[in-house]
Amino acid sequence: MAEALFVEIQELGLRLDTFAVNNMIRCYTRVNRIQEALDLYRKMPYFGCHPDNCTFGLLIDWCGKFGSRKELQRIFLDLRASPHNADAQTFNTMIHNFCKQRDFANAREAANQMKAWGIPFSSATYAILIHMYAKARDSKAAAELYADYLRSGLEPNLIVYNNVILSYGSSGFPGHAQNILGDIRKAGLAPDRFTYCTLISSWARAGAMLQARRWFNKACKTKAGPSIEMCNALIDGYLKAREVEPAKFILTKLYADYLRSGLEPNLIVYNNVILSYGSSGFSGHAQNILGDIRKAGLAPDRFTYCTLISSWARAGAMLQARRWFNKACKTKAGPSIEMCNALI
């Protein structure tokens with residue numbers, strides 16, 4: 001219908017404007033007809049109109065979700081040719097999507113272009129770029145950007161601080177990561193679950209399980225914790241350090257607390273416990289959770305069975321893995337391609 005109206009406007013000899021073209025591009029991107037959207041975008045000069053922030057935003061957003069790196073790069077080149085149309089939000093979306101595709105070179109280039117055009121970084125820009133450097137394990141670049149952020153006078157943003165902690169932690173500097181908590185408190189903010197989880201992971205990755213446990217205990221005394229993510233970070237650290245019993249104790253205690261809480265039964269919680277036991281090498285414990293699922297009046301789903309199959313397969317117990325695959329095939333849950341892949 002929208003397409004027919006768009007054609008009718010042209011047949012009536014009416015002049016198309018940027019707003020009309022953007023609406024049609026939006027319609028095309030919503031139904032993944034990207035080639036038509038791109039063709040329409042290329043024809044804008046022919047219609048006598050020019051792309052604006054909305055045009056670039058629509059195309060960048062689609063390319064980030066479904067498009068190729070090549071398409072995103074082409075739109076970036078077009079964006080660079082239209083400096084009067086660019087703003088911080090458009091660039092942030094572009095940088096974020098380059099980072100999602102792990103195209104860090106173009107993400108840095110987009111950030112440099114912002115500076116060249118005198119577009120100030122927002123808190124979101126700093127958060128995205130610092131997270132990029134965290135993924136690249138470039139703590140030096142992240143630290144320089146963080147210092148620039150502190151000088152910028154922008155309103156304190158916990159996501160920026162958390163990403164700096166992530167950067168130091170993933171680069172093997174848990175002490176530096178820990179020191180950022182002082183900056184968080186100076187800014188009048190409170191650490192959240194992600195803050196503590198990242199600190200726990202940082203120390204666990206460094207093999208300093210006493211420090212990791214210390215931060216876990218601190219988190220448990222705050223509004224932030226405990227959470228399944230913190231427990232998983234600590235459990236993962238213990239298992240890597242080959243300390244199996246502490247890992248099992250934490251997971252079992254957390255699950256017992258949930259059962260005593262009186263909360264309405266939730267299959268996602270049970271599935272996450274199965275996943276935690278399974279990935280930690282406790283396939284038997286994972287299997288036992290099925291009894292609790294049934295007691296709660298719930299039915300195992302595809303994720304439940306797939307996780308159990310993976311648990312036993314990871315342990316090398318293929319007879320058990322096949323047994324659970326066969327059981328799943330007799331239920332409404334299966335078979336599924338995920339279960340087959342786990343078994344294969």
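Residue positions begin at 1 at the first shown residue.
From the backbone N, Cα and C atoms, a Cβ is placed for every residue, glycine too.
TrEMBL labels come from automatic prediction, so no person has curated them.
What TrEMBL records for this protein:
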{"type": "REPEAT", "residues": "17-51", "note": "repeat 'PPR'"}
{"type": "REPEAT", "residues": "87-121", "note": "repeat 'PPR'"}
{"type": "REPEAT", "residues": "122-156", "note": "repeat 'PPR'"}
{"type": "REPEAT", "residues": "157-191", "note": "repeat 'PPR'"}
{"type": "REPEAT", "residues": "266-300", "note": "repeat 'PPR'"}
Count up the helix, strand and coil residues in the repeat 'PPR' (122-156) according to DSSP, in that order.
27 helix, 0 strand, 8 coil
So which residues does the repeat 'PPR' (157-191) touch in its own chain, when a touch means Cβ under 8 Å and the partner is 6 or more beyond its ends?
123, 126-127, 130-131, 133-135, 137-139, 142-143, 146, 149-150, 198-199, 201-203, 205-206, 208, 211, 215, 222-224
Excluding the flanking five residues on each side, which residues at least 6 beyond the ends of the repeat 'PPR' (266-300) place their CB within less than 8 Å of a CB in that stretch?
228, 231-232, 235-236, 239, 244, 247-248, 251-252, 255, 258-259, 307-308, 310-312, 314-315, 317, 320, 324, 331-333
Under 8 Å between C-beta atoms and at least six residues away from its ends: which parts of the chain pack against the repeat 'PPR' (87-121)?
53, 56-57, 60-61, 63-64, 69, 72-73, 75-76, 79-80, 128-129, 131-132, 135-136, 148-149, 152
